[in-house]
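*Asks:* I am attaching a structure below and will ask some questions about it afterwards.
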Amino acid sequence: MAVQTFPNEIVFFDLETNVPNKAGQHFHILEFGAIIVCPKKLEELESFTTLIQPKDLSVVSIRSSRSDGITRAKVTNAPSFEDVAEKIHGLLNGRIWAGHNIRRFDCVRIKEAFAEIGKAAPEPSGIIDSLGLLSDKFGKRAGNMKMASLAAYFGLGVQKHRSLDDVRMNLEVLKHCATVLFLESTLPNHLEGKWHTSSKIMTRSRRNYQIAQRAMPYSKGSLEKMTQNVKNLLSKAQGNQTLQSLINHSHSLLR
């Protein structure tokens, strides 16, 4: 039976893992979350998330510094990676993979996890890593370019560090960045270089709510309205426009 692929669909995914703090300790996937996105409308079509029980529960902290963080108790009765591997493979294989810093982290962890259970890892039809992408195209407007900083820059709230919440935030960040770049390319004499924040950058150790206090080049919530207005205009003008054609107008944002 041939494996079904979806080369034009985008799957945003994110992994939550333990943080190795001992020599010889490895990463273990503790949570997987993904959304499948329509490339024409940039809308969520399907979602899936699951906690995952590692083989060694001692790698998971008993307590979490976050109110909704992952603790040992939460993963004790969760399925193993092998239990959910088929579902994860079906979501990822043959689609365009998207995420923040996925080339260096999430993609590697997925391959390791499938290798550990002796099964073939899913393969992407393409990869969109928003960290490198936005660092190159959007510059350092949001400081250190972490997802928390980008979300704060656009007034999208505080990053929760839970897989499904993070991928949805990732999609919204890309929409906002693409809108800004599209407008700058359309009206370069009026907008380009004038939307940057001040040169005063918060230190990486400051909390997300402090980052959110950074002076913004627009009133809170106004960019979200502008984003929707631009999407509506594009929809009316080019109802069948795909993600790729939108990006081509935004300095080839995705490549």
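Note: Cβ is positioned from N, Cα and C throughout, glycine not excepted.
From Swiss-Prot, here are the annotated features:
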ACT_SITE  H161  active site, proton donor/acceptor
BINDING   D14  Mg(2+) 2 binding site
BINDING   D14, E16, D166  Mg(2+) 1 binding site
DOMAIN    11-174  domain 'Exonuclease'
*Asks:* Count the other Cβ atoms sitting within 10 Å of the Cβ of D14 (Mg(2+) 2 binding site), across every protein chain shown.
*Replies:* 28
*Asks:* Among all protein chains shown, how many Cβ atoms are found within 10 Å of the Cβ of D166 (Mg(2+) 1 binding site), not counting that one?
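*Replies:* Within a 10 Å radius of the Cβ of D166 (Mg(2+) 1 binding site) lie 24 other Cβ atoms.
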*Asks:* Tell me which residues of the chain lie with their Cβ under 8 angstroms from that of H161 (active site, proton donor/acceptor), as long as they are six or more apart in sequence?
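*Replies:* Looking at Cβ-Cβ distances below 8 Å from H161 (active site, proton donor/acceptor), excluding near sequence neighbours, one finds E16, R66, G69.
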*Asks:* Within the domain 'Exonuclease' (11-174) only, compute the mean pLDDT.
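*Replies:* For the domain 'Exonuclease' (11-174), the model's average pLDDT rounds to 94.
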